Amino acid sequence: MWQAEHVRDRLALLYPQCDVKIVGMTTRGDQILDRTLSKVGGKGLFVKELEVAMAEGRADLAVHCLKDMPMELPEGFAMAAVLEREDARDAFVSNDYASLDALPAGAIVGTSSLRRQALIAARYPQLVIKPLRGNLDTRLGKLDRGEYAAIILAAAGLKRLGLASRIRAVLDADVSLPAPGQGTLALEIPERDDGLDLASLLAPLHHTPSALVSIAERKVSQVFGGSCQVPLASYATITGDQMHLRALVATPDGQRIISAEARGPADSAEALGLQVAELLRAQDAEGILAACLSDAAQADDDARSAELAASAAAAKPAGAA
């Protein structure tokens, strides 16, 4: 809700004559809390219901975390603005430990991200990494109840909600390379036939440097399918007129990580993303990703088989052989 309120407040300053209302909605991504995103549909879980509301005329625009947006939008929708990027880094949150380095062997670390899981496992193989779902309050509550020694969250999300004091350490990109679009909000709009040029009205909110780095980062992900079921990171920065893009692909256990980076003109962001993707492809990124998807499919099959077996056992009459 903070995201929508933030955009509403900025629009109110730009257009005080307009009455900007928030249509609160809960997406499937908010409702399914017992499984990781990679198991239940990935990025689209946070977007589809909002697009239905726009298509039906119940909403004029949607505010998204760019990290959660699919690589390609459905026909009839467009990304109207990318807001200025906030802190793109991951945050280490713990009540008892100051950093990942301070955690004892066997300590349980919670994360909802295969990317974070892979990078932490590679650097800290002595730690136990377990899935963590729920909204921010739910995740912090699980930490406070002692279910985890530490959890890894997006720094921007904590700061937006006034919870920066919960951050014990911010993870440098060299430790945990961010996800494409992390820390960035984007505005999605539907095609309109009423003559209102909503894109022009939203243009003052658009931040070109943030849009350029997101184009480069998301292009890497798009080349490899943009799936939540594979640990992929990409992170770009701009200095002057030059962009530096880093990306990596990993196995979920962190046993294999390949990385690539390149520099180029900031206004050639998409080309730079393609260049880095090709550097990853030359190191067999597609082989790693195919193995990840195969393992994920097998895990899903095993889970379904277990559920069916449990249902059959529960339905069997007492005393039946």
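Each residue, glycine too, has its Cβ placed from N, Cα and C.
Here the structure is a predicted model, which means the values were calculated and not measured.
Per TrEMBL, the feature domain 'Porphobilinogen deaminase N-terminal' maps to 1-194.
The domain 'Porphobilinogen deaminase C-terminal' annotation in TrEMBL covers 213-281.
In this structure, Cys228 (S-(dipyrrolylmethanemethyl)cysteine) belongs to neither helix nor strand by DSSP; it is coil. Note on Cys228 (S-(dipyrrolylmethanemethyl)cysteine): other Cβ atoms within 10 Å of its Cβ, all shown chains, come to 23. Taken from TrEMBL, the feature S-(dipyrrolylmethanemethyl)cysteine applies to Cys228.
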For the domain 'Porphobilinogen deaminase C-terminal' (213-281), residues assigned helix / strand / coil by DSSP: 27 helix, 26 strand, 16 coil
